[in-house]
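A quick write-up on the structure given underneath.
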Amino acid sequence: MPLKIAIVGRPNVGKSTLFNRLAGKQLALVDDQPGVTRDRKEAPGRLADLPLILIDTAGFEDVTDDSLEARMRQQTEIAIREAELALFLIDARDGVTPMDERFADLLRRADLPIVLAANKAEGRQGDVGVAEAWGLGLGDPVGLSGAHGEGMGDLYGAIRTALGEEAFEAAFAEEDAAEGEGFDDEILDRMAEIDIDDPNLTEDELNAALEAAGIDDAAEAEAQLAAREEARKRPIKLAIVGRPNAGKSTLINQMLGEQRLLTGPEAGITRDSISVDWMYEGRKVKLVDTAGLRRKSRVQEKLERMSTGETVRSLKYADIIALVMDANEAFEKQDLQIADLAVREGRGLVFVISKWDTVDNHAQKMRELSEMAKVLLPNARGAPVVTLSGLTGKRVDRFMPAVAKVHQDWSARVKTGDLNRWLRYTIERHPPPSVHGKRIKPRYMAQMKARPPTFVLMASRAEHMPEQYKRFLTNGIREAFDMPGVPIRLFVRQSANPYGDKYKPQNQKKTSGRGKGKTRSINKRS
């Protein structure tokens, strides 16, 4: 298993910079201002061939009261207890400070291997700081530079020595391979001869045409089961977003059953996006707590701008977005902008109304909220609204079932046969409007991909398809195949041969390379 290392030390010694260096990417916010990191943050990393689980921590403060700094210290102490090795950083340019000495005393009592490193050790001034570190009595100090990547070989050797050979070798393990998702583009070619808009085409002829084109419902049903099983192996990436002090961290702590994240009456406590691995009913979930998002006009400080950028990146890489709103201030302008961004990015969406314990008339409030969601966010049509109290834990058990349902719909595939039967039924009753006196003829539809569900409609005069009719089809797919709260993407393409011969199944000529095709669809109705 990868070696779990807690990177610890007083504020502004370069912990987050080294964390980013070992993680191989910019995961933690870094700034010259002390105290940027507040919660502990975990990420996989690597030092040469050594796989790691890294824990970035808040700067150590020697306080034990109820202040924010004391709560930050508690998070650091938890990280030390969870780690297999503590990487203790001092600033080589400052030398050993009284705060470093007090932290060294705390680490000695922790009963785990310690590697002492003097960071920022570039140049002669750094050499002096490395020499001073000997006085802490924690073994040979390593001089390094997290910013420039210097001293990494020495750090590797020091970790190996501190662990011992047996524990060091146990840190090596195979890592999970990434999974991908593909789509068989040939399905569009196999359907090119079907004119679903032909009024003379009977239901039996349509079924025969779909089968001849390689659209096999039985094969798709079999593929559906395999795809569902494969999808369950992937963790659900769930980002908890919202305005400052909406109750995001409190909700996650309630779900985890521990004070994993800092909370308090101060708005804006969370700065980094903090990722926590969790299990829900046997399913892996990656929970991401994010910094609160305020209106751009109110974001003044450089550090808050960095936090906002980190939150937006987390939103874009999530599967499902839980938009947390205070029950007494829900669906304000900033909430609507966050929801709109989630939809535009193709993420599944769940509305979470927090602090429900502060509401007097629950029934009336719920009616108001449901109407606001419907009127103010038509692009998020059908997204579930979950009311709860993260502080008391009441109704929190309703949150994850809603997330799991949206994730299932977000990952779903629709059988091509069912999709085209629905399309034919729909355009018979509500055909596209004529443009400049000429008819637009939808010919066939296929699902290109899931996550989010994405469809392509082949039609004559595709460039003239009105946006209003596209929205009509999109909403129809969502309702017909039970996908509430899921953004659906629909692309309209010009049919390859809009004036060619209409498909007649009884006269079909067999063409080389066109036979029974294997599709990877999921039928929501099976």
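Backbone N, Cα and C define each Cβ position, glycine as well.
Annotation comment: TrEMBL describes 9-16, 56-60, 119-122 as GTP 1 binding site. Of all Cβ atoms in the shown protein chains, 26 besides its own fall within 10 Å of the Cβ of G9 (GTP 1 binding site).
There are 23 other CB atoms within 10 A of the CB of W356 (GTP 2 binding site), with all protein chains counted. In the three-state DSSP scheme, W356 (GTP 2 binding site) is classed as helix. Summarising the annotation, TrEMBL assigns GTP 2 binding site to 242-249, 289-293, 354-357.
Summarising the annotation, TrEMBL assigns compositional bias 'Basic residues' to 511-526.
On the 0 to 100 pLDDT scale, the model's mean across the domain 'EngA-type G' (3-167) is 80. Sequence annotations record features per position, and here TrEMBL assigns domain 'EngA-type G' to 3-167 (among others).
Taken from TrEMBL, the feature domain 'EngA-type G' applies to 236-411 (among others).
Residues or ranges marked as region 'Disordered' by TrEMBL: 497-526.
For G242 (GTP 2 binding site), the nearest neighbour among the binding-site residues N12, T57, F60, A121, judged by Cα separation, is T57. Using Cα positions, the member of the binding-site residues N245, K248, T290, W356 nearest to G9 (GTP 1 binding site) is identified as T290. G242 (GTP 2 binding site) carries a strand DSSP state (E or B). For K248 (GTP 2 binding site), other Cβ atoms within 10 Å of its Cβ number 29.
If you measure from the Cα atom of N12 (GTP 1 binding site) to that of T290 (GTP 2 binding site), you get 22 Å.
With respect to A121 (GTP 1 binding site), the closest of these binding-site residues in Cα terms is T290, chosen from N245, K248, T290, W356.
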